[in-house]
């Protein structure tokens, strides 16, 4: 049996379902680039039939990602499969992933069909997908609660129809490791054509068993694991791929398998997903939490000083967690900035050097020394901006008193610069009143967070907001050494997204009115 475990990432599809506001195409592409650097074998980029935005995201990622196979999800319905194929056709290598429910409760109460009908639908879907590609994956939704005889029958039929990967999901996170591993073992024992497909698993974390179940499945013969970065996903989330990666690496002698991942990209990828998805990582999260490599007990510290192996089973460096790199200053040129970006593994097409260098100089003038983590924060924020942003903050002045604050701003509104001042309950409230008045948009804020993106008093701060406008949620991000400015950038990020959507809607309305 092959000893490589294929890593299938569904952060951009299953993971995104947990977010309050959907990721933009640009944000999804940033994450896809990071997954490609990490060495993920398959990236499930989205569900094309679900929305025009998802179709565009899959198509864009399929066009730009070269080293990972791009996958799109579809129900066992011809029009879904057609949409997936259309979005994926620009990819160098792609996979169509189709699925249908197999558990008794799903078949009877959701599909309201006989099991014979469901098997027939699955076979037709796989055969239809094979018209577009040889790489077809079929999933038995809620396999963890499917009667084993029915599951064996479905798997055999899907393989006969041409599926090259069979995915066994624990959709509601119901099983425990011995039980789930037993399901996989039974499939290998009872399905006669099982050797013609790779067995995959997709475990949810409702009972906190997703990672353990996935490892049990590998021990029983599964050779693909599906999951997400940081374990994000619906309800309690998905299997954490960074945990899977380091379990397989750390316990390779026991498990006898390996992955093709570049483990030193784990920390950076985790931070990016956390930042763009607006989902903080808990401090005690395995592998990537802030405390993952901390030792506060005196006994532990004494042991670590004598021999790190006493309490450390893996090193921070093994996941790419480094101390400060050589710093840059305002005297550093473009070549120095590019050299640092190259050393961190970023490709030229992942950022605009001129824009990054301009932001770098502003930051260097403010804080003197700029480190690699600062450059990354600047790059990610710059990638969220659009050159055609209608509103841009040109000037900000804040006066804070013991009770109220006054904020004055100059805001670029298209070709015109406008000025406004307001008094508020704190500088951010006053700034937001200025922006609301000048733009005409009044936004309902559902969530407001400030986080540090660097170290020390002069480190970058990131503001993240979830805003509600006309029933739709938007995510805005801002980065600056000044948290008030970062807060303003986050609100303008949202308002520019709304303004852009309103403009497109108005253009479509005018187009149809003239037809």
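Keep in mind that glycine also has a Cβ here, set from the backbone N, Cα and C atoms.
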**OP:** Check Swiss-Prot: it lists 202, 204, 238 as binding Mn(2+). Then name which of 3, 9, 14, 429 it lists for that same site.
**Re:** 14
Subject >> Mapped DSSP class for residue 238 (Mn(2+) binding site), helix or strand or coil >> reply: strand
**OP:** Measuring CB to CB from residue 238 (Mn(2+) binding site), give everything in the same chain under 8 Å that is also at least six residues away in sequence.
**Re:** 10, 14, 15, 202, 203, 204, 205, 210, 226, 227, 228, 231, 232
Original post:
Taking the binding-site residues one at a time (202, 204), which has its Cβ surrounded by the most other Cβ atoms within 10 Å?
Top reply: 202
Original post:
Can you tell me how the residues of the region 'Regulatory domain' (392-515) break down into helix, strand and coil by DSSP?
Top reply: 45 helix, 54 strand, 25 coil
Subject >> Mean predicted confidence [pLDDT] for the domain 'Pyruvate carboxyltransferase' (5-267) >> reply: 97
Subject >> Other CB atoms within 10 A, centred on residue 14 (Mn(2+) binding site) >> reply: 23
